[in-house]
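As given in Swiss-Prot:
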TOPO_DOM  1-8  topological domain 'Periplasmic'
TOPO_DOM  30-38  topological domain 'Cytoplasmic'
TOPO_DOM  60-63  topological domain 'Periplasmic'
TOPO_DOM  85-90  topological domain 'Cytoplasmic'
TOPO_DOM  112-131  topological domain 'Periplasmic'
TOPO_DOM  153-161  topological domain 'Cytoplasmic'
TOPO_DOM  183-210  topological domain 'Periplasmic'
TOPO_DOM  232-244  topological domain 'Cytoplasmic'
TOPO_DOM  266-287  topological domain 'Periplasmic'
TOPO_DOM  309-339  topological domain 'Cytoplasmic'
TOPO_DOM  361-379  topological domain 'Periplasmic'
TOPO_DOM  401-425  topological domain 'Cytoplasmic'
TRANSMEM  9-29  transmembrane segment
TRANSMEM  39-59  transmembrane segment
TRANSMEM  64-84  transmembrane segment
TRANSMEM  91-111  transmembrane segment
TRANSMEM  132-152  transmembrane segment
TRANSMEM  162-182  transmembrane segment
TRANSMEM  211-231  transmembrane segment
TRANSMEM  245-265  transmembrane segment
TRANSMEM  288-308  transmembrane segment
TRANSMEM  340-360  transmembrane segment
TRANSMEM  380-400  transmembrane segment
């Protein structure tokens, strides 16, 4: 099997795994009697794990272990943990196992990116073509857990633990396949200490003003973006969309198209404009949700347009962000830098977004009694998210001033490395 095919299959299974359990989880936990707060904390597991993931995939992988071997170990461990999590019926039993599972999975996002980056000749041209298979994997998981069982005459498996068991099996599969991936050895031999272990050596990249603005805006954007992941399925179901789990894969279908078109957009418009367009389309998506419902054809169409824009927004911001980080980070810090963005976005940003969204829904947007069949003021919630993103877009447009021909790796000399490792005071 050619290297590109191996990397593409890796991405397919990597994102199939996450999509299989993450989208339908709300339905299963709700049916199992978990409270809204417990469900919120369950979703926050991935964010908590992302905060710690640089320990596993940042500086350790950069210095000591081949990336594909680390991937195999994490996937095998995750398969066992998810299998046992699927057997639980109480929050006390489920939450620790899901958190432990998330600690094995979240590091692999940056890890698979790094494996792909290290084994393609032209990152800006080739990475989107490989990463698009991850989107197809997410779609496949939605179809497998949404439409497919019903098409075959079986009951809907979304509100059951079967998606979690599918996740466990898929994790074991990728664990085996990881041994057939191209060898991606460590690229640095620097001294190892606690600062390096935590990935803090990559923080030196924040001295670059444009990278700092990018990092800060990515952190802020992750908060309102989290509202979509935790609330969209419940919202779409409550306003009348049948089989929302399956229909939400439309966002990934649009992601495929724009992923393949991404090299054209980045070359034609530049990285800054593409990142900005990702923010703008995210705000518009929430705008469509404000007015969407299943009552009329027009308002029903707004729901589907909102779902489709999710793929556009994700591609234009986050996939472009991975490319930008790879361009800015020195070669020996690239895995740590990808882990730093994971820490920023899927970690602290998402965690705060899940908690902020939960508090806002409970304190400000929950109806005492159902209003027109709705238990929450969804329009108010989506308005709040849209305004947040609009403000972030304005900040990014004003303060990020780096043009494409100015994007080069941040220079890190021996003294900088010594400072990050505590050798110079």
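Glycine residues also receive a Cβ, built from the backbone N, Cα and C atoms like all the rest.
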Under 8 angstroms, Cβ to Cβ: which one of 91-111, 211-231, 288-308, 340-360 has the largest number of such pairs with the transmembrane segment (380-400)?
211-231
How about the transmembrane segment (162-182) and the transmembrane segment (64-84): do they have 3 or more C-beta pairs under 8 A, pairs 6 or more apart in sequence?
yes
Should anything in the same chain at least six residues away from the transmembrane segment (340-360) have a Cβ under 8 Å from its Cβ atoms, list it; otherwise answer none.
36-37, 40, 43-44, 46-54, 57-58, 106-107, 109-110, 199, 202-203, 205, 215, 218-227, 229-231, 318, 321-322, 325, 381, 384
Pairs of Cβ atoms less than 8 Å apart decide it: which stretch in 64-84, 91-111, 245-265, 288-308 has the most with the transmembrane segment (132-152)?
245-265
In the same chain, who gets a Cβ under 8 Å from the topological domain 'Periplasmic' (266-287) while lying at least 6 residues past its ends?
124, 214, 217, 221, 224-225, 227-228, 306, 309-310, 312-318, 320-321, 323-324, 382-383, 385-386, 389-390, 392-393, 396-397, 400, 402-404, 407
Please compute the mean pLDDT of the model over the topological domain 'Cytoplasmic' (401-425).
59
By Cβ distance under 8 Å, which residues at least 6 away from the ends of the topological domain 'Periplasmic' (1-8) in the same chain are close to it?
115-116, 119-120, 126, 129-130, 133, 177, 180-182
Residue counts (helix, strand, coil, in that order) that DSSP gives for the topological domain 'Cytoplasmic' (85-90):
1 helix, 0 strand, 5 coil
Summarise the topological domain 'Periplasmic' (361-379) as counts of helix, strand and coil residues per DSSP.
5 helix, 9 strand, 5 coil
For the topological domain 'Periplasmic' (112-131), give the DSSP counts of helix residues, strand residues and coil residues.
16 helix, 0 strand, 4 coil
